[in-house]
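Visitor: Pasting the relevant annotations from TrEMBL:
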- 83-103: transmembrane segment (TRANSMEM)
- 110-130: transmembrane segment (TRANSMEM)
- 142-164: transmembrane segment (TRANSMEM)
- 198-217: transmembrane segment (TRANSMEM)
- 223-248: transmembrane segment (TRANSMEM)
- 329-349: transmembrane segment (TRANSMEM)
- 369-391: transmembrane segment (TRANSMEM)
- 412-432: transmembrane segment (TRANSMEM)
- 457-483: transmembrane segment (TRANSMEM)
- 495-516: transmembrane segment (TRANSMEM)
- 540-559: transmembrane segment (TRANSMEM)
Amino acid sequence: MSISVLSGAETPLLEQDTIDGYVGCNGRPVARAKSGGWRSASFIIGIEVAERFAYFGIESNLISYLTGPLGQSTAAAAEQVNAWSGTAMLLPLLGGFVADSFLGRYRTIIVASLLYVLGLSLLTVTATLPSVNPSGCQNTDNFALCSSQFQEILFFFALFLVALGQGGQKPCVQAFGADQFDTQDPEECKAKSSFFNWWYFCLCTAMFITHWVLNYIQDNLSWVLGFGIPCVMMVVALVVFLCGTTTYRFSVKGDKKNPFVRIGEVYILAARNWNKASSAIAVEEELHGNLPTESSNQFKFLNKALLASDGLKEHGQAFSIREVEEAKAVLRLVPIWFASLVYAVVFAQSSTFFVKQGATMNRSITAEFKISSASLQSFASLASILFIPIYDRIFVPLTRGFTRKPAGITMLQRIGIGMLLSAVSIVIAALVEMQRLMTAQKHGLVDKPDAMVPMSVWWLVPSYVLFGLSDVFTMVGLQEFFYDQVPNELRSVGLSLYLSIFGVGSFLSSFLISAIENATGGNGQDSWFADNLNRAHLDYFYWLLAALSAIQLALYLYFTKSYIYNKGQR
């Protein structure tokens, strides 16, 4: 068998069918027909579907667990959810760094999945413990039984493990999946363009099932099952992922310096050469045949890294034009990242205040069945599931005919459309909340927080649907943008940057809630986020987010006008 492999490797015809820059699990060149493509991507999508099922099984209903079994207030629970979500979305920066610099994406996925399984197992254990007693520790025979404190410590430790696992897996799985398509091959390049759409389609399907099945189990049957089922799913998905190992394409790292170090040194050298004359840079560019381009004229201060400096290189230019352009490409991402933060703040509300808001409304479907308020998030997933095939099979071909662009519209145009839809969704949410408060006042329910407000929960569905549509544009657009516009060696980190938008957005949401809670809850007055939502003013908060969304959109449009694509207009 080894002889046939060696003889096959020496066959010139097969050499034409191998893929540059990629090897198989055995370290040898891989044949295009026997590796990668949708076959390999399906194994990778499988573990991501299980991970999203587990993550949203926790995140979508976490506020209910915190205010229920753990006995926290609404505002405190919302802050905890945002803080945990923010941490979970920032940890991919660490995971991406570890993957791109040390372990590689494949090994990082395996280690992260094991951490995930451990965290989910501990969550299941905490759910078996009795609910927190508000009185805290109880003394029995002079022995302090602090089971409630132990439960909280174990619970938040388990949450941290899940966040850590998510931080390692999230940036690597999608980048590893996209690596299975060769952009140099026309057919695979076209498939790769659709990969991000169908990737998100599968994720939304997992979220839809989570919101309808898992949230119902958590609210009506058992939190033990609600945490245990995702744990089993993750174990099965990890086994499936390992089964596809022989079909995967693994990117080969070159002999170049670590990309983090290389790009960092460009910035350092440019700073060292700050006082160098512009004429010296022009001469250096001319010597290397670099014609003035739109990119070379942007962030011109980094062009000073083309000049040698003592202590870095002995002769010639310190860095090549390509290396300087890589540093510029990373720097160009910063304004887009910054202008997307408010979108992430709005996104965070769907799993916190929207859930508590829906819990006060009429959720009856039949006389005996009530929909879980957390399950309403499934309408966002359903909207995405229904719209992604329309976008990929109808919208893209139609717009491609007008714009002559492979994806129909550019990535930045796609992101901007989603931001507009997000702003509209939060305006509708504010109007619905105003109506809910008026209905509660009309029926004398202002001081009855446990009473059902006679207003159908379906009023919240339009906001969730618009959330889902905005995700198809902005969420998928950001994924593709941060994968495509970074150097090849930093693609895991690129996707980490995309995820960090939602991490920082969650922390900003938590900060806003805390600041507004302190500012509006003094002097015996009810804050905007009072536990009695009939006396709260979530509508004021939503209007504030709508105003911030409008400002964000204006800033985004301003930044995109000057953005230069790294690899051609997309």
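Note: Cβ is positioned from N, Cα and C throughout, glycine not excepted.
I'd like to know what surrounds each of these features in this structure.
Guide: Here the transmembrane segment (83-103) has Cβ contacts under 8 Å with residues 55, 59, 62, 111-112, 159-160, 162-164, 166-172, 175, 258-260, 348, 351, 489-497, 499-507, 510 of the same chain, all six or more residues outside its ends.
Away from its own ends, the transmembrane segment (110-130) comes close to residues 47, 51, 54, 58, 69, 95, 103, 147, 150-151, 154-155, 157-169, 172, 222-224, 226-228, 230-231, 234-235, 237-238, 241-242 of its chain (Cβ-Cβ under 8 Å, at least six residues beyond either end).
Same-chain residues lying 6 or more positions outside the transmembrane segment (198-217) and placing a CB less than 8 Å from one of its CB atoms are 45, 48-50, 52-53, 56-57, 60-61, 174, 177, 225-226, 229-230, 372, 374-378, 380-382, 384-385, 388-389, 392, 468, 471-472, 475-476, 479.
Using a Cβ-Cβ cut-off under 8 Å and counting only residues 6 or more beyond its ends in the same chain, the transmembrane segment (457-483) has close neighbours at 174-175, 178, 196-197, 199-200, 204, 333, 336, 340, 343, 347, 350, 354, 357-358, 361-363, 371, 373, 376-377, 379-384, 387-388, 391, 411-412, 414-415, 417-422, 424-426, 428-429, 432, 435-436, 491, 494-495, 497-498, 501, 570.
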Visitor: Looking at the stretches 223-248, 412-432, 540-559, which one shares the most CB pairs under 8 Å with the transmembrane segment (329-349)?
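Guide: Maximum Cβ contact count belongs to 540-559.
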